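As recorded in Swiss-Prot:
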BINDING   His72, Gly113, His114, Ala115, Gly145, Ala146, Asn174, Tyr287, Glu370  thiamine diphosphate binding site
BINDING   Asp144, Asn174  Mg(2+) binding site
Amino acid sequence: MLLSELSHPNQLHGLTVSQLEEIACQIRERHLQVVSTSGGHLGPGLGVVELTLALYQTLDLDFDKVVWDVGHQGYPHKLITGRFSQFDSLRQQNGVAGYLKRSESKFDHFGAGHASTSISAALGMAIARDRKGENYKCVAVIGDGALTGGMALEAINHAGHLPNTPLVVVLNDNDMSISPPVGALSSYLNKVRVSPPLQFLSDSVQESVKNIPLIGKDIPEELKNIKGSVRRLSVPKVGAVFEELGFTYMGPIEGHDIANLIKTFNAAHKLKRPVLVHVVTTKGKGYPYAEADQVGYHAQSAFDLTTGKSIPSKKPKPVSYSKIFGQTLLKICEQDSKVIGITAAMATGTGLDILQKNIPDQYIDVGIAEQHAVTLAAGMSCDGLKPVVAIYSTFLQRAFDQLIHDVGIQNLPVSFVLDRAGIVGADGPTHQGQYDISYMRSIPNFVLMAPKDESELQRMLITSINHNGPTALRIPRGSGLGVAVMDEGWEPMNIGEAEILEEGEDILIIAYGSMVASAIETAKILKNMNINACIVNARFVKPLDKNLIMPLASRIQKVVTMEEGTLIGGFGSAIVELFNDNEINIPVYRIGIPDVLVDHASPDQSKEKLGLLPDQMADKIIKKFKLVI
């Protein structure tokens, strides 16, 4: 059977192992062909091809539910659930999403882009099933990296307390999340992964399953036949943690052996209780370059399939903001041993990998644990250290309570660097960094800032570290503007001080962060129409530079704000509140992201759809204020 002929996963039923292995090869071929052309997540999907095929042969997906954690692993799922022909449009505007999305397919039972949610969602579905008196199966597939997340452990703790609630958790253990996983649980899984194979069940488990009506007497024999794959369920140090938490543990299982996977999953479904199936896979399986560099090939831009090398862009790009941040922080750390860089499983993405390589004593990776990262930093700051927490804007949302309770209320000197702030592109609504201005502006004691270019990033970073209170510095995804940076001697900024970039009397444009460059381009368009704009680089949204902004606004009387974030509670709202509090009655036109979810597309396509390109903004300003050309 050909993969292209699959329109429904139930078509896998009845296929031989040999046929499934043939489809596995086709999935990898299609996966590699598309990702090498347009970019996307590579290693995770390649590692779960056999797991996906085996699992789906044991399920009826017209009824049964499967929740994939994060969605990095979801490409094989998409290819066998009717999206083969559309797969060329992966992560492109109006195309197939890079993550599972309920609105895209009835087989995407739960959407996700953030880690550690799958067990909670699948357990919720299982509880709903039991309350309705139905009998469909509920399965969560979670990676070993995501399993370190607190939410996943909370769900395991809850599920284990419900012994009569059938739930299968498949642990896809490839010893790798995005970066190598960290922590005691990861170390424990390493020990389990290399433990000697045992081919029999514990007496206690055999006795318990024999009591299951009708089928119980057959299960132990069926499990015994999974030769060389299932290791003893209750031997100390092999699955003991999960069994103590109320799960029946099965594994470790070879994750690329379809026949044994099918037997194991069928046996797990029959147990009718919480079961954890530990499957050991190889991230990037089937593509040697991805197997050899599992971090680098987690996600890739377009690359040459033959050499594995990225296809260089036609025009060289400036260094990314993330790298400038990492390089600058390294220099600061070398000068001050009290400065500590903290990341939550995103060392490479945030630029902190340079600390990991050069000064590991001043680098901490807490794993997928944003809440812990924030409060860890709070505790460190109490005793004289200077923590710098680098987290994607979208992931810091997960630690909102800690920002308030553990940092803001106590006014602790913790520096937060929010990477991927603003529009991020192809990862879609789960990853857009559009909310941080709004949610952080409400927290007392915080200073919020955003640079217009690389040089300001360096100055703001040293300002943050020197400030005796909490700060948040947002930086956009991707390349900088090509502005020269310094290796040392960065001049701290005055907190709350804005700057005038261009003088003008017809319109006042106050821009924040990444939108400053767009404001300058917009002003050029307006100037060609004989409209002279005064441009202010706000630098800070909290506190605002009242002494600069209010006199300018009072004089010019027409104000435009620009931000790459949600308008609700954002930078523009702060300006409106400033004027209202000071009884200044001046019209303010706010330009930013309206109350919508920003779908997957390139950043420029998203900005065009939102009306955030310079020519669009110039046109909006002219129409809003009825400016005479």
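Placement of Cβ uses the backbone N, Cα and C atoms for every residue, glycine included.
Quick caveat, the model's predicted, so the values are computed rather than measured.
Among the residues the record lists as binding thiamine diphosphate, namely His72, Gly113, His114, Ala115, Gly145, Ala146, Asn174, Tyr287, Glu370, the two farthest apart have Cα atoms separated by 32 Å. Each of the binding-site residues His72, His114 was scored by the number of other CB atoms within 10 A of its CB, and the lowest score belongs to His114.
In the three-state DSSP assignment, the secondary structure recorded for Gly145 (thiamine diphosphate binding site) is coil.
Contacts of Asn174 (thiamine diphosphate binding site) defined by a Cβ separation under 8 A and a same-chain sequence distance of 6+ are given as Pro44, Gly47, Gly143, Asp144, Gly255, Val280, Thr281, Thr282, Lys283, Gln294, in order along the sequence. The binding-site residues Asp144, Glu370 differ in how many other CB atoms lie within 10 Å of their CB, and the one with the most is Glu370. Secondary structure at Glu370 (thiamine diphosphate binding site), as computed by DSSP, is helix. Take the CB of Gly145 (thiamine diphosphate binding site) and look out to 10 A: across all protein chains shown you find 29 other CB atoms.
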